[in-house]
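Take a look at the structure set out below.
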Amino acid sequence: MKPSINAVLVSLLLLIDVVSVCHGGGLSPVFYEKSCPQIDRIVRNITWSKVAENSTMAPKLLRMHYHDCFVRGCDASLLLDSTSGNPAEKEAIQNSNIRGYEVIDEIKTRLEEECPGIVSCADIVALFGRPMWQVLTGRKDGKVSHSSEASINLPSAGANFTTLYQQFIGLGLNIIDLVALSEAHTIGVAHCAVFQRRLNVTGKGDIDPTLDPEYAEFVRTQCTNPGVAVALDANSSASFDSHYFAGLRQNKGLLRSDAALLTARRSAHIVRRFEKFPVFMTYFGNSMKKMGSIGVITREEDGGEIRKN
């Protein structure tokens, strides 16, 4: 059954930011107030129309934002095409299933008509989150993109807690951000190729013992080939809620990186707390804002630009 647009978007509107405004890194919540006052309307109208046509677009745009920020910061380097002798980030195997580029292109084209040379692609990638959480703007676009950096810096679906924690700390995030941002797996899917080793640990058909046996057997029946997509959240993959955390505590975390959150006492405690959606909601917006500020470029002299395309 096709997920309801209400399930994907309207529930996300609950994520209106409840924390105070942070003006760090040269970013501002009103950066385009005078130079491009139509920006929010244009981004919202195009984004919502695309999600209305295809409800899977919401998690795809969220994933694009994650994958952009974790490599070179939030500079839209993920959008750059490869050049001769240099495969770009989008060519990395970790980015092979990134979708939604055409949505960013359509928004950029429209904004260039209204406000030529003003709005960066980096801000467009981040702005899909308004009004779901507060998005600061003022980013410039980066000029460098290497697939090798994506391969190194993007968190792996098979990572253990220590590896995940070190990656997040290295980006200026903390353990609360790690758990809160992992909750994005409450919507969207993963292909069987990504987690198939959990269903066949030693090659003899044995299931990862940290998976709920009944759930593992169900997933195995779904994975008729490596390209099949399975819901990341076993409880409610079509809506943004706290059921992801309940699923983790039922040993139904599809990815090893999900299950890893239960292997450290502090993160397991946060998982339990975040089962209460109002508690989770107070942290998620802030974590998204922090992630959206990773490695931002705000000046041309620092290697930034406003791309035309």
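Keep in mind that glycine also has a Cβ here, set from the backbone N, Cα and C atoms.
Remember, TrEMBL labels are computer predictions, not curated facts.
The shown structure was predicted, so the numbers you read here are calculated from the model rather than taken from an experiment.
Note on the domain 'Plant heme peroxidase family profile' (26-309): mean pLDDT across this stretch is 94. Positions annotated as domain 'Plant heme peroxidase family profile' by TrEMBL: 26-309.
Per TrEMBL, disulfide bond is recorded for Cys36-Cys115 (among others).
Residues or ranges marked as site 'Transition state stabilizer' by TrEMBL: Arg63. The number of other Cβ atoms within 10 Å of the Cβ belonging to Arg63 (site 'Transition state stabilizer'), over all protein chains shown, comes to 19.
Annotation for His67 (active site, proton acceptor): same-chain Cβ neighbours under 8 Å, separated by at least 6 residues, are Leu78, Glu89, Gln94, Asn95, Ile98, Ala150, Leu154. Among the features that TrEMBL reports, active site, proton acceptor is placed at His67.
Around the Cβ of Gly73 (Ca(2+) 1 binding site), the number of neighbouring Cβ atoms within 10 Å comes to 21. Sequence annotations record features per position, and here TrEMBL assigns Ca(2+) 1 binding site to Asp68, Val71, Gly73, Asp75, Ser77, Glu89.
Note: Cys74 (disulfide bond) has non-local neighbours His65, Asp68, Ala122, Val125, Ala126, Arg139, Met291, Gly292, Ser293, Ile294, Gly295, Val296, i.e. same-chain residues 6+ apart with C-beta under 8 A of its own C-beta. Under the heading disulfide bond, TrEMBL lists Cys69-Cys74 (among others).
The substrate binding site feature in TrEMBL is assigned to Pro155. For Pro155 (substrate binding site), the count of additional Cβ atoms within 10 Å of its Cβ stands at 19 [all protein chains shown].
Among the features that TrEMBL reports, heme b binding site is placed at His185.
Within the same chain, the residues at least 6 positions away from Thr186 (Ca(2+) 2 binding site) whose Cβ sits under 8 Å from its Cβ are Leu232, Asp233, Ser236, Ser237, Ser239, Phe240, Asp241, Ser242, His243, Tyr244, listed in sequence order. TrEMBL lists Thr186, Asp233, Asp241 with the feature Ca(2+) 2 binding site.
If you look up TrEMBL, you'll see Cys192-Cys223 (among others) marked as disulfide bond. Counting only same-chain residues at least 6 apart in sequence, those with a Cβ under 8 Å from the Cβ of Cys192 (disulfide bond) are Gln222, Cys223, Asn225, Pro226, Gly227, Val228, Ala229, Val230.
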Distance from Pro155 (substrate binding site) back to Gly73 (Ca(2+) 1 binding site), taken between C-alpha atoms, in Å:
14
List the residues in the vicinity of the Ca(2+) 1 site, defined as same-chain residues other than Asp68, Val71, Gly73, Asp75, Ser77, Glu89 with C-beta within 8 angstroms of the site's C-beta centre.
His67, Cys69, Phe70, Arg72, Cys74, Ala76, Leu78, Gly142, Ser145, Gly295
Winner by Cβ contact number (other Cβ atoms within 10 Å) across the recorded positions Val71, Cys115, Cys223:
Val71
List nothing but the one residue from Cys36, Cys69 whose Cβ has the fewest other Cβ atoms within 10 Å; the candidates are the disulfide-bonded residues.
Cys36
In the same chain, outside Thr186, Asp233, Asp241, whose C-beta lies within 8 angstroms of the Cβ mean position for the Ca(2+) 2 site?
Glu183, His185, Ile187, Asn235, Ser236, Ser237, Ser239, Phe240, Ser242, His243, Tyr244, Gly247
